[in-house]
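Peer 1: Here you go, one structure.
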Amino acid sequence: MQTIVSQTSPPKKSVLYDPKVRGAFYQVLLVLTVGYLFYMAASNAVENLQRAKIASGFGFLNNTAGFDVSQTLITFSAAGSTYGDAFIVGLLNTLVVSAIGIVLATILGFTVGIARLSKNWMVAKVSMVYVEVLRNIPLLLQLLFWYIAVLGPLPQPRDSIGFGAGVFLNSRGLFMPRPLYASDAWVIGTALILGIVGTIVFRRWARKQQEQTGQQYPVGIITLALVVGLPFVSWLVLALVGTNPISFDMPQKGTFNLRGGMQILPEFVALLVGLVTYTAAFIAEVVRAGILAVSKGQTEAAGSLGLRPGQTLRLVVVPQAMRVIIPPLTSQYLNLTKNSSLAVAIGYPDLVQVFMGTVLNQTGQAIEVVVITMGVYLTISLVTSFVMNIYNRRVAIVER
Amino acid sequence: MSTAIDTSRFVQHNQIEALPPPNLARGPIAWVRENLFSSPLNGLLTIFVFYLLYVIVPPIIDFLFINAVWTGTDRDACRAETAGHRIGACWAFVIDKINYFTYGSYTISERWRVNIFFLMLAVGVTWLLWLRAPRRDLGALYFFWLFPTFSYVLLTGGNMDLGGGFWVGFVVVSALFIGAFAAMAYLLKVSVKSGAAIGAGIIAVIGITLALMDFDFGLDHVPTSLWGGVLVTLLVATVGIVFSLPFGILLALGRRSKLPIVQLASVIFIEFVRGVPLITVLIMANTMLPLFLPAEMTVDRLARPLIGVAFFASAYMAEVVRGGLQAMPKGQYEGAMSLGLNYPQMMVFIILPQALRIVIPGIVNTFIGLFKDTSLVSIVGIFDLIRTIEASRIDPNWAAPTISYTGYAFAAFFYFVFCFGMSRYSLGVERRLAAGQNR
């Protein structure tokens, strides 16, 4: 302040004041610190592993597992399968419970979210209580509740509760008829795929027609006819012609247990119910926020154009709300997938329970097991967010 | 695309008849008609909801209150055969076990220390969350420095017994550290005195903390294996918040930094932690931390999940803080720079106070998530509230059919009260902050 800097010769600044030099200095410091920490951790780990005589490397994946898993989607046996198979079994179980959970949580969550905005006072209040109660209690507690307190007191297999049509409930889970496919069952599958493809084509066409002429077609009924009707008709034709393409293996009540049929583990049911009801509460909030984000003027404008309330919702509000809903909805899906790891608390054989639990305890190869497990979850997360970024770029409002 | 559509097809051609004037009726019957039976579908829905409530609510009230057992000393009070009537919740069990649920197996004669910890926590939380509390800067100092230090001393008993050799080493390192600061100040041609003062300040904070932890206050040592219940639940949550806020701020600043390596490191850390479930982080802390440390060093069994939780919460906090930093208008940064403030000054005096203020709701919401997630430490064998309930549930002395339900109901009530209270607070702050925006 006291000295006036002459215009001709700028003051000679210390090189230490150069932002580039400083930036480089800080970054080198960071790299050195992190590198040192990693080096220390690695060298300690090598030393500790050698002392504990624990092998390293991924060779253990080919060793015989020697334990059984209660729910397997691929053939798995204690004697014949490897740790690598156990990993796949766990991964598939995680994916199954997440996929079914996502579908059910979306349905329940949208229902509750829309119900919270209902003009019906009772419906709105009940939905609010649902959301507040479910959101504010830890998921782990809810899972324990569903598993021990609700499914625990179910009767022994000999006193199974029958629901008719071959569905039984007892302490070993839910028993249902298992479908058996005859050799020509592929026709039905093909019919279903054809129906779905046909629906997509028809919807595109109907949309184009609507944009050009304003004419609307009964999309809902035709979708139903194509997706449900077509496979049904093909089943009917096959059944009338001769062989029944799908028959059911009914669970039979034995003295001590039910034989045959399809068994759904109580752990699976508890985990699924817990995940679905918990995540649905969060999805409901996302949906509510999304619908509220569409300004009231849109609804009013649609009304003044003569659209009925149902059309307003379907053609004006929902498409705009989805833009707000989808990103947080995806992160709720990811949360559900990550939360499915709480299966370990109630003994559902998911990735964490099988691989990070049993396999880790048997082999002691903590680093490899942790790296693989985390890698799986990380891959799922990163792939999802990558896809989401692409989607976001597509639906983002194009400003004029 | 818009020009291609012939809009006249969407527009009414004929004038439609005017609607009747709105019904201005008031009173309870009009309200019911308006809100419950406005259309046949709504009427059906209302009746359905009433039926649902009729099925669900009376049994719950019956279980929790009417048939509940409030007094008793063992299972006989809560068994239908011995009590002679239908049994609902067995609150006598909770009352009998309440000390275990609160303190775990913490030495009975030393439990006053835990109570002081609860009190100090309450003071710190109120000081920080009450927006009009006096001297909230001192509150931050208390919550992030004094409170953790004193809590450590109180709960463990302090007296780390570092030994004279450690302190000699500490003095030497401190002298070198202060010298380095002074030298740096000399090289940068700023006041050597203030450079040395900053160095000395850092050393003083570390030194006082260590001295307090080292000093023998005459408190008995209570090993962490005895801690449990609400104490551990609140402790995990506290450690999470005390560590995650400063770390989260640093990570958020790192992610917004222009230095590529700093930014990359922050992004990798944040995205990695946010991409994996907490339980895998906890298992990792449990199994891998001992591997990464030298063989002669052991990590306390309670400290391992605490470290995991602290890391985990930091990543989530970082994203919340980043939201606040991004919401700051660019003019604030430019204004600070044009005043000649350097980066730390700009952040500490201009940006962070504003940014943190607008993300208080986000921070509280993250904390609610963290608070619920503390229950996961029970999976890695820490005796938090859930684990103490699990352990008491199977106590043969209290073997009765409704014990499990009662224990879970109690835990649910505990978590609900905390989380619901915090979410209301966060809503209130959000409304208050929005009030300033809606001018």
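Backbone N, Cα and C define each Cβ position, glycine as well.
Owing to the predicted nature of the structure, the values given are computational and were not obtained by experimental measurement.
So TrEMBL lists the following for this protein:
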type     : residues  : note
TRANSMEM : B:43-66   : transmembrane segment
TRANSMEM : B:112-131 : transmembrane segment
TRANSMEM : B:138-155 : transmembrane segment
TRANSMEM : B:167-188 : transmembrane segment
TRANSMEM : B:195-213 : transmembrane segment
TRANSMEM : B:225-252 : transmembrane segment
DOMAIN   : B:230-426 : domain 'ABC transmembrane type-1'
TRANSMEM : B:264-285 : transmembrane segment
TRANSMEM : B:305-325 : transmembrane segment
TRANSMEM : B:346-368 : transmembrane segment
TRANSMEM : B:405-423 : transmembrane segment
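Describe each of these features in terms of where it is and what it packs against.
Peer 2: If one looks beyond the transmembrane segment (B:43-66) by at least 6 residues along the same chain, the residues whose Cβ comes under 8 Å of a Cβ in the stretch are 36-37, 88-89, 402, 405, 409.
Residues 102-103, 106, 139-140, 142-143, 147, 150-151, 154-155, 219, 222, 231, 234, 238, 364, 425, 429, 432 of the same chain lie 6 or more positions beyond the ends of the transmembrane segment (B:112-131) yet place their CB under 8 Å from a CB of it.
Same-chain neighbours of the transmembrane segment (B:167-188): 194-196, 198-200, 202-203, 207, 210, counting only residues six or more beyond its ends whose CB sits under 8 Å from a CB of the stretch.
Tertiary proximity for the transmembrane segment (B:305-325) is limited to same-chain residues at least six positions away from its ends with a CB under 8 Å from its CB atoms, namely 235-236, 239-241, 243-245, 247-249, 251-253, 255-256, 266, 269-270, 272-274, 278, 281-282, 284-286, 289, 299, 351, 354-356, 358-359, 362-363, 365-366, 369-370, 373-374, 377, 380, 382.
Cβ atoms under 8 Å from those of the transmembrane segment (B:405-423) belong to residues 63-64, 89-91, 93-94, 101, 230, 364-365, 367-368, 371-372, 375, 385-386, 389-390, 392-393 of the same chain, restricted to positions at least 6 beyond its ends.
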Peer 1: If I count Cβ-Cβ pairs under 8 A between the transmembrane segment (B:346-368) and each of B:138-155, B:195-213, B:225-252, B:264-285, which range comes out on top?
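Peer 2: Most Cβ pairs under 8 Å with the transmembrane segment (B:346-368) come from B:225-252.
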Peer 1: Other than its close neighbours in sequence, what residues sit by the transmembrane segment (B:264-285), given a CB gap under 8 Å and a spacing of at least six beyond its ends?
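Peer 2: Beyond its ends, the transmembrane segment (B:264-285) has Cβ neighbours at 251-252, 254-255, 257, 304-305, 307-309, 311-312, 314-316, 318-319, 373, 376-377, 379-380.
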Peer 1: Give the nonlocal contacts of the transmembrane segment (B:225-252) in its own chain as ranges (CB under 8 Å, at least six residues past its ends).
Peer 2: 100-107, 114, 117-118, 121, 143-144, 147-148, 151, 155, 266, 269-270, 301-302, 305-306, 309-322, 325, 352, 356, 363, 366-367, 370-371, 374-375, 377, 382-385, 387-388, 414
